[in-house]
Amino acid sequence: MKSRLHPDIEKAYAVLDTGEPLSLELASALGRLPDSEVLDLVSLANRVKARHAANHGAIHACSIMNAKSGVCGENCRFCAQSKHNSAEVDVYELVDENKVLEQARSAWEQGIGHFGIVTSGYGYLKVTPEFERILGMIDRLHRELPGLHVCASLGVLGDAPAAELARHGIAHYNINIQVDPARYGELIADTHAVNERIGTIRRLRSNGIGVCCGGILGVGETMQERIGMIFALRDLDVTVIPLNVLVPIDGTPLEGAAPVSVPEIAKTFAICRLAHPTKIIKFAAGRETVMKDFQGLLMLAGADGFLTGGYLTTRGRDISTDRQLARQLSKFS
């Protein structure tokens with residue numbers, strides 16, 4: 001039975017105790033750890049979360065609504081809503097604001113403090129009539145559910161739409177870089193460039209909007225490329241980092257993708273926490289359907305938030321069950 005930590009984990013303890021940021025070199029070394037060392041790395045990540053994370057032991061829970069679905073012109077390889085793919089998916093235009101209010105109220109009454117309006121498509125470079133309808137939805141939620149943090153994920157934004165979202169009091173805006181930016185065109189999509197997303201992030205931040213930006217694991221990336229994504233997120237100084245685990249969907253190019261092992265995913269979550277001690281790290285897609293019995297482990301590997309109540313085109317878990325999970329996880333902080 002071993003009595004000492006792996007030297008690279010010991011080095012990480014020493015570095016983080018000084019308050020110095022995790023270096024790319026040390027993160028890469030941690031990414032090469034054998035599976036037998038993962039629980040020690042998870043323990044370190046949980047300690048860092050307990051000491052530094054913005055939520056101070058609380059779980060950041062959010063829920064989303066697919067307010068406009070399908071027929072997206074972008075060719076994201078994992079997505080059922082792309083018209084380039086043949087997945088079966090519900091198709092509908094922007095829903096009525098009463099439906100948005102109904103779903104937001106349900107989440108709010110179950111104790112969920114953040115609610116996101118999500119639409120399919122490239123985004124909004126200008127303020128269009130449809131975008132104005134979304135602004136109206138945001139205003140309605142603020143009026144009728146005071147205290148709810150209203151969020152959105154509407155794709156790439158131009159200057160004017162970003163400024164309007166700030167004026168209407170959006171709390172967080174989600175737009176993911178998904179992978180190491182250098183591999184975006186190959187692994188995710190080539191109908192748009194990752195720099196269009198990065199430009200949106202910078203517009204949002206310049207308008208004072210908190211940015212929710214992360215990635216997806218299991219699309220063909222290497223561990224080193226996951227670390228590249230993690231450090232790109234640090235350079236962008238985002239507020240919330242959602243980490244998704246690919247749920248392969250029939251009719252998409254990734255329908256037969258090989259799953260990433262649980263130790264690899266746990267290492268990724270832990271390294272993300274070590275690189276982002278104070279940020280909210282949110283476990284999103286794949287938590288229930290792919291990780292199943294191991295989702296608690298990944299929450300202890302540095303995550304302090306999750307998406308609950310379902311995703312855009314795949315099922316999730318009911319909110320009451322997730323609230324019980326949150327109560328149990330809080331005992332480890």
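Cβ atoms are placed via backbone N, Cα and C, with glycine included.
According to Swiss-Prot, the domain 'Radical SAM core' annotation covers 54-287. Look at Swiss-Prot and you will find CYS72, CYS76, CYS79 tagged as [4Fe-4S] cluster binding site. Positions annotated as [2Fe-2S] cluster binding site by Swiss-Prot, on the basis of sequence analysis: CYS151, CYS212, LYS282.
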Coarse DSSP state, helix versus strand versus coil, of LYS282 ([2Fe-2S] cluster binding site): strand
CYS76 ([4Fe-4S] cluster binding site): tally of other CB atoms within 10 A of its CB: 23
Overall pLDDT of the domain 'Radical SAM core' (54-287), taken as the mean: 95
Remaining residues near the recorded [4Fe-4S] cluster site, that is with C-beta within 8 Å of the centroid of the site residues CYS72, CYS76, CYS79: GLU74, ASN75, PHE78, ALA80, GLN81, SER82, HIS84, ASN85, SER120, ALA189
In the chain carrying LYS282 ([2Fe-2S] cluster binding site), residues 6 or more apart in sequence that have Cβ under 8 angstroms from it: HIS60, CYS62, CYS212, GLY214, VAL240, ILE241, PRO242, LEU243, ALA303, ASP304, GLY305, PHE306, LEU307
Cβ-centroid neighbourhood (8 Å) of the [2Fe-2S] cluster site, CYS151, CYS212, LYS282 excluded: CYS62, HIS114, GLY116, HIS172, ASN174, VAL240, PRO242, ILE280, GLY305, LEU307
Candidate with sparsest Cβ neighbourhood (10 Å radius) among CYS79, CYS212, the listed binding-site residues: CYS79
